[in-house]
Each structure stands twice: as structure tokens, then as C-alpha cells.
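Structure record follows, encoded as C-alpha cells.
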Amino acid sequence: MTEQRSRYGTTVELQPSGKRLELPYVKSVLQLLNKVGARRGTVLVIRDGKLLTPDRKLFPGDEIIVRTVVSAG
Amino acid sequence: MKCKRCKATAAVALPSHHAGFCEECYDLFFTRQVEKGIRRQKLLTFEDRVLVALSGGKDSLALMLVLSKLGYNVTGLHIDLAIPGSSPVARGVVERFCHKHGFKLIVKEMAEEGLAIPLVKARLNRPVCSACGKIKRYFFNKTALDEGYTVLATGHNLDDEIARLFSNTLRWDIAYLSDQGPALPAEGGFARKIKPLYRLSEFETANYSFLQGIEYHYAPCPYSQGASFTQYKKLWADLEDQMPGRKLDFYLGFLERGKEIFARHEQTHGDQLQPCERCGYPTSAEVCGVCRIREAVSRDDG
């Protein structure tokens, strides 16, 4: 994750692509999934090395990994 | 969300099971699902010597770990496909995993066999996925038989099985529908093959792998773009999101009520397999698919 990050928004790293997004503050994991266009049950959502369920709240400055679980070959 | 078992904060939400689990209880849930699958389909005994096909992905590594923890006698088999950029990474992941856990590992190098996948791809006039699958299955089977393993286990999960079942149904491929399932018996030159993760979705195995600290290879195969199974998985992900539990219902329903009908038809009308004229591998043709691929590769080499 970059040293420069938004202290007020949500930083997201998509895996496996490695694409990074800086989003305005997102309140929950479910909102985040809607923002990045990912279905529950198709991605792991990770914060500070811990898994988050869709109902979990996010906080300003959070750095989140969204890792797709669907294997492709 | 609270853990269904212990009421701690849940780490994994499973709508298909109407449950959430904390990290500890999830381990128990996952392990019990594997045990249930093994018991219901009589997949394994503790006397079996199990050869586990290890791709380096989350499913195969998770399978190896959970079978080992359950007390089964497991050895890993990795097929190095010699795909630039991808194969060295996958092999490294598998080797580090086996070293970390003290697992025995057999590696078969397709470059040494003259079947490096980029070479095969260059010689075929069709997508390489089918040939790659044929080659892997050939060497899975050969290694299991040559080295005296009583059963070959692969990390196919519920999503893989659903995509395959859906594909077979779309084509009404009776031959494939007649023997699709978590277990194939040892007969006619084939080793016994099992899929102990058949009750578990990719999401569930991914969560297990993450929580167990498994380093796994998650970049897609560079040759997999446009693969139909990926499309089918997306369709089923949409359906499962709307109707949780539908995937497992569909698959178990097929095993319980559908498969037998196709199996009976195939017994009467299906092609009989015989040993390949060149290598002895079971085939419905005179020469098996892998020998024909070898011929195509060597023919163009002059």
C-alpha cells in the first residue's frame, strides 16, 4: 500500500489485478462491494490482515484489500 | 454478525448455511464439511496412500492441509506446465508450502516430457485449455499408478463441479454426465480419483486458505481468457446471491437423482475404453489424446 493515502476516504487494493482505488469514505463493507462492483461470496475483504463480513463498518482512512476468489484456469 | 457457534464476532458470513463463523469455528466448520463429504461418498480410508494434485492454488493447498490434519497419508504432485511467468510462481508456492509442512512432493516437468504448454499451444489450432487438461490428467493418473498410490485427490470444489455439471448439461453430454461426481473408481487403467472439497464453494476454500495462513497462487492462467467455465461461474454466483444454497442443492440433487439415469444409458450405449496402442492409457480411440498431442508437437519439430 502507498505511504500517501487518504486519511478521510477508503483506499482499496483489488487483487489479483493490483489496481488501487481511492474512494470517498465508505461506511460499510457492503457499500464498498457495491462501489467496486463485486458480489458477496466472490471476494475476500481484508483489513489489517483480518477478514470482514459484509455488515462490518469501515472507518475513514481504512485500507482494504478486495481479493477475488474465483479461479480462472 | 455473530458466530453461530460461539457468538464471537464472525469473520466469515455464509448465507447458504444461514450462518457466520469466527476464525476458530470456521476451521471446525470447514473440516467437518470435508469429513462429511468423505463419509457420505466413501471417498477415503486411513489405509489409503493419497496423491494430492497441487496446482499452487487455494483449493489444492487447502485440500492437502485439511487431509493431513484429518490424519490421512498424503503426498503432493505438482505438474510444472512450463508457462512463462506463471509456472515458476506456482511451483515456488507449492514447494514452499510442502517444505513448510513437511509434505513429500513429486514434481513432473512437462518441458522434460516434450509437452511444455506454450509449445503445445503453438502447435494446436484450438484453445489450449482442453489439451492442457488432458495432459495434466494423464500425468496425474500415470504418477498415481506408477508410484503405487491408492487414490488421487484433486482440489475441485463445489463451484468447479457446478460449472462442469452446467457445461455437461448444456451440451447434454451423456458420457460426462454418467460419471461426473466426487469419486471415480479404479478401473480399466485409471487410478481411483476423488474430490473431497465437493461440498465447499470457492469462497469457502478461499476463506479457509486465508485463515490458515496459506500462501497461494491467485493470478489467473495467462491462457485462460475467455474460458467458458469462468462465465458459468459468474452466472451461478449471481444465482447463488439471489437464492443462497442453490448450488449445493443442484449438485447434491444431481448426485442423488440424476446421475444414475445417465450412467444406465451410458452402460448400454456408451463407447468402450481400451488401452492406447502406444502408451496403454485408457481411450475410446486407438491412440489416446496425449499421444496424439505428442505426435502433433514432434511432427512440427521435423
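Heads up, the Cβ atoms here are built off N, Cα and C, so glycines get one too.
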Of the candidates B:Ile79, B:Ile83, B:Ile194, which does TrEMBL annotate as part of the ATP site that also includes B:Ala53, B:Leu54, B:Ser55, B:Asp59, B:Gly155, B:Asp160? B:Ile79
Please work out the helix, strand and coil residue numbers for the domain '2-thiouridine synthetase TtuA-like N-terminal LIM' (B:2-26) from the DSSP assignment. 7 helix, 8 strand, 10 coil
Quick one: which residues besides B:Cys276, B:Cys279, B:Cys288, B:Cys291 have a Cβ within 8 Å of the Zn(2+) 2 site's Cβ centroid, in sequence order? B:Pro275, B:Glu277, B:Arg278, B:Gly280, B:Tyr281, B:Thr283, B:Val287, B:Gly289, B:Val290, B:Arg292
Can you name the residues of this chain that are 6 or more positions from B:Ala53 (ATP binding site) yet have a C-beta less than 8 Å from its C-beta? B:Ser60, B:Leu77, B:His78, B:Ile79, B:Lys136, B:Phe140, B:Leu152, B:Ala153, B:Thr154, B:Gly155
Of all listed binding-site residues, namely B:Cys22, B:Cys25, B:Ala53, B:Asp59, B:Cys288, those lying near chain A with CB under 8 A: B:Asp59
Whole-number Å distance separating the Cα atoms of B:Asp160 (ATP binding site) and B:Cys279 (Zn(2+) 2 binding site) is 30
